[in-house]
């Protein structure tokens, strides 16, 4: 499977059986810059704490960098 990986946001091969993920959360600059984003691959969908959103998928390049809605 191929997943986008941060910080370069490039598509890279991940080991067989892994899933791609997009993890987003707010930090101190969330109102100005939007949510922080972490893209990667893992053996299983990571468990996250409250306030962190995660989406996992299992097809090539299914985790593109999320677009931010403009006001």
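Here, residue 1 is simply the first one shown, and the rest follow in order.
Placement of Cβ uses the backbone N, Cα and C atoms for every residue, glycine included.
Listed in Swiss-Prot for this protein:
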type	residues	note
DISULFID	3-20	disulfide bond
DISULFID	14-41	disulfide bond
DISULFID	26-30	disulfide bond
DISULFID	45-56	disulfide bond
DISULFID	57-62	disulfide bond
Within 10 angstroms of residue 41 (disulfide bond), Cα basis - disulfide-bonded residues out of 3, 26, 30, 62: 3
Spatial neighbours, same chain, of residue 57 (disulfide bond) - Cβ under 8 Å, 6+ residues apart: 19, 20, 21, 63
Nearest of the disulfide-bonded residues (26, 45, 56, 62) to residue 3 (disulfide bond) - Cα to Cα: 62
Per-residue Cβ crowding (10 Å cut-off), top of disulfide-bonded residues 20, 26, 45: 20
Residue 30 (disulfide bond): tally of other CB atoms within 10 A of its CB: 12
